[in-house]
Amino acid sequence: LKCLMFFIPVLLFANRIDIRQVLPHRSEYTLLLNNLENAIALDFHHSRELVFWSDVTLDRIMKANLNGSNVEEVVSNGLESPGGLAIDWIHDKLYWTDSGTSRIEVANLDGTHRKVLIWQSMEKPRAIALHPIEGKIYWTDWGNTPRIEYSNMDGSGRRIIADTNLFWPNGLTIDYAGHRMYWVDAKHHVIERADLDGKNRKAVISQGLPHPFAITVFEDSLYWTDWHTKSINSANKFTGKNQEIIRNKLHFPMDIHTLHPQRQPAGGRNRCGTNNGGCSHLCLPSSKAFTCACPTGFKKVDQYNCFLLFARRTDIRRISFDTEDMSDDVVPLADVRNAVALDWDSKDGHIYWTDVTTDSISRALWNGSKQEVVVDTSLESPAGLAVDWVTHKLYWTDAGTDRIEVSNADGSMRTVLIWENLDRPRDIVVDPVGGFMYWTDWGANPKIERAGMDASSRVVIISSNLTWPNGLAIDYQTERLYWADAGMKTIEFGNFDGSNRQVNTALSLPHPFGLTLHEDKIYWTDWQSKSIQSADKMTGLGRSTLAENLENLMDIHMFHRHRTTGTLSPCLVNNGGCSHLCLLAPAPKGSSCACPTGINLQTDGKTCTPGETHTLARTNYCKSLSALTLKKITRANINGTQQEDIISTGLMTTDGLAVDSVGRKIYWTDTGTNRIEVANLNGSMRKVLIWRNLDSPRAIALYHEMGYMYWTDWGEHAKLERAGLDGSDRVVLISNNLGWPNGLAVDKAGSQLLWADAHTEVSIIMGCFLGDLQHPYGLTLLGPHIYWTDWQSRSIQRADKTSGANIITVRSNLPGLMDIQAVDRERPLGYNKCGRRNAGCSHLCLPRPNGTSCACPTGILLKSDGSTCEEMPETYLLFSNRVSVRRISLDTADHTDVHVPVPELHNVISLDYDSVDGKLYYTDVSLDVIRRVNLDGSEMETVVSQGLKTTDGLAVDWVARNMYWTDTGRNTIEVARLDGSARKVLVNNSLDEPRAIAVFPSKGFLFWTDWGHIAKIERAHLDGSDRKVLINTDLGWPNGLTLDYDTRRSETF
């Protein structure tokens, strides 16, 4: 193939979900890369044998080898709609357009040294083409003033070369030999050409172009893609005649290029020479020579001096004040979902941010390295964040939990500072010099408050003429507090005690959010104008826009290295004498000691000691022990350490969970699969206990001593049932007067069963009703009290368990409340019925009312001795769902699919089983390998690792000890020994998209399906000879193929 590519032009095109190649005038059609999200633009580097493409769904620029291997991310952040891409094959640079950010950028081929090249007077830049020999960039812009422009490749010498009779100028290509450029306009349905300076413009084709998108040229022909006809077409580049459809019925053809060395002539001079032109970073061609350039945000010094740092929900950006263009560039961070609040610490160069989607606080160095999560538990809406840069503490507000908390900078020693009389706390700032913290609250009664950084001396300083007080900032020079109010549309300031309040009269703002100060200027973000602006901090005059057209702007801070530290802090000397947290406080106190949440401060006011005996553990919809979204069951120590997933497969909606702490088992209900299951506490020996006649099983409770489990079912006919802990002796206890029976608890002391019903809005205690409840969900017992969670009131409540009297609210303002459990460390566990030698059972020992019973993991039969399990099912089905392999036993009646623990699965398409050696063989089209493994997951090995593209079909010849596979990417059928040796191509002609494959060893036949242009089913001998088409009519996409060896028939699907 490599030799042919040097002589035969190949059309390389993006097809949204894949990238393909087609030979002009032959319609030979091959797959290069598949399983893509939304590939739009592409280009190639012929001498390096690389292909590059942009994905506008992932907002990524990717690259791979021209054979489809080694897929890598090149640019992974700061992109919004990268619709154009071009490769400088002489100077090894990557250029791209982004209509979302309205920029043209450049970087090395690996994405390093990224620079915003052109950003002014750009609207919606689309197509881009390079002429590295001449040092020129050409691009189209289909904004409000459609045009075609060019500049030097260093961004200088910009010039408009066409701006009339344009509407949607999409594709653009350069004819290097003819010294012309060609472009398509989808609105005017035309293909035009002009000289490289825009002169001698002429329409080449003006009819029969419904929606042309991209264009390329080779020798005397033009090739273009069309969205409407979903085709690739060609015509003579001089006359527009001899129009021809190269390939139609494509998925969604996008960009197109001719893959041939003539399209990247090697004769051009590398202006940067062999030493990068002597440049430390970027060497970019200019009109006659080259220009040394720096990545965005850098000037020719060692590091940043100061920059604006701001959050944009899905990324964090900076605007350097050290460079002329002041373009914003993205801090290269991973997994930023919804960043809101920011702060920084110049001592170690860390930036900190909150994320209200992941409910976490993270940090990284300002260059994006050493990223880590510092707080990720018990957060619900952390919208405010402040760094105490003197003692290195984090302060934050949480509008979900209505708290202000503090921790060390690494998230350790966390404690709640303020939790009373908070409605919707928003921004927070700290003054380590004065020992105060300030925060805004835009609840029902908006206000700005102040307290010591140890929560002492709390006072409301502003409570009138506020609507949505957002950003806060402290001016240490004038000792003033500034705030932005999105409802009042103002920025105001006053003294630290709230006196001498003034409105910055020159400012009228649509929706200010974040606020920061530096020297004599104030900077703010505005949601409505989508801009970052600045003005004089005292007068509001000299207002200027630093950045615009920025969606989802949030917090903003000025990063510099001159923060005030004041006199020596008492916390910096022996930690203020504190055993744990030393918090700053206003004079004369100076500091105070505090303990992490749940630990008590001793009477000496310095030392912390543990002090927890009884605890209520609650879950919410984001962090449930049986995580519904992640579909797994997890366990951890009560302090959150040593977290591990114990069940991570085969779950759908695990609404109920109960631990038998005596028998060391975990039970759960699943409303998605309608099952009740049991496993050891580590997740092993998992078994389906009940699967028949379940509609929507919800809550579950256990009584080990009596050998019973109880569960609620709120399906069409709601009921409360009981069975032995082994699933035996099942009986319906209650089936009337039930709506949505949620929480369930066993009162062992009172021999009572308690449950909550969200539909009838009551809790029932063996016939006693607690009325006027809104939506009770979780339920638990502790001592003489019953506790429950309520969805509608968002609270945890308590009442006397016997009478239902004395109802009180334990905690309120807890959105997303789910289950609740009481932890009583003083209660003895009791006698384990299975404790002595596991009651003789080889696997599971499960209690029942009159003793115990032995049980086996799902799908495994119990032997006739009643205590020992078989090793494997006798008959079973094996199937893959891309990322896992599953097994369904046909020996047992439940027919539950069980996870086969095969490691490192990415995209398993086909599999087969060798019953002789007990090996599973499978193909992984993401890794492009064929592997084999034992069914217990051991001895996994790769048997074929090279020369594969899309191995959709696999079959094992268990007699001759060979394996056969189809490769849709290479359009071949191959065979090898089971260890991958002696590999041979059997069939490689007249195959379009071979898919499923099956063997009949005793008859010596090989069968396969092909769902290419003409779908068919074929047969050949096992050596590839005597090939014959069996079926080629009434087929669409023949996928599955199997053989009935008894009746000698084949079945397809």
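Placement of Cβ uses the backbone N, Cα and C atoms for every residue, glycine included.
TrEMBL does not curate its annotations; it predicts them automatically.
Quick look at what TrEMBL annotates:
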type   : residues  : note
SIGNAL : 1-19      : signal peptide
REPEAT : 49-91     : repeat 'LDL-receptor class B'
REPEAT : 92-134    : repeat 'LDL-receptor class B'
REPEAT : 179-221   : repeat 'LDL-receptor class B'
DOMAIN : 271-307   : domain 'EGF-like'
REPEAT : 349-391   : repeat 'LDL-receptor class B'
REPEAT : 392-434   : repeat 'LDL-receptor class B'
REPEAT : 435-478   : repeat 'LDL-receptor class B'
REPEAT : 479-521   : repeat 'LDL-receptor class B'
DOMAIN : 570-609   : domain 'EGF-like'
REPEAT : 664-706   : repeat 'LDL-receptor class B'
REPEAT : 707-750   : repeat 'LDL-receptor class B'
DOMAIN : 833-870   : domain 'EGF-like'
REPEAT : 918-960   : repeat 'LDL-receptor class B'
REPEAT : 961-1003  : repeat 'LDL-receptor class B'
REPEAT : 1004-1047 : repeat 'LDL-receptor class B'
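Outside the repeat 'LDL-receptor class B' (435-478), and at least 6 residues removed from its termini, the chain residues within Cβ reach (under 8 Å) are 384, 386, 388, 393, 395, 397, 404, 406, 417-418, 422-429, 484-488, 493-494, 496-498, 501, 512-517, 522, 524-525, 537, 555-556, 564, 583-587, 589-592, 594. Looking at which of 49-91, 92-134, 664-706 has the most CB pairs under 8 Å to the repeat 'LDL-receptor class B' (179-221), the answer is the stretch 92-134. Packing against the repeat 'LDL-receptor class B' (392-434) from elsewhere in the chain are residues 341, 345, 347, 350, 352, 354, 361, 363, 373-375, 378-386, 440-445, 451, 453-455, 458, 469-474, 476, 481, 483, 496, 515, 555, 564-566, 569, 580-581, 583-584, 586-587, 594-597, 813-815: each is 6 or more residues past its ends and has a CB under 8 Å from a CB in it. Here the repeat 'LDL-receptor class B' (49-91) has long-range neighbours at 1-2, 12, 14, 19, 31-33, 36-43, 97-101, 107, 109-111, 114, 125-130, 132-133, 137, 139-140, 153, 255, 259, 264, 268-272, 283-285, 315, 317, 329-330, 332-333, 928, 949, 969, meaning same-chain residues at least 6 beyond its ends whose C-beta is under 8 angstroms from one of its own. Counting residues of the repeat 'LDL-receptor class B' (479-521) by DSSP class, helix then strand then coil, yields 0 helix, 22 strand, 21 coil.
Within the repeat 'LDL-receptor class B' (435-478), the DSSP-based counts of helix, strand and coil residues read 0 helix, 23 strand, 21 coil.
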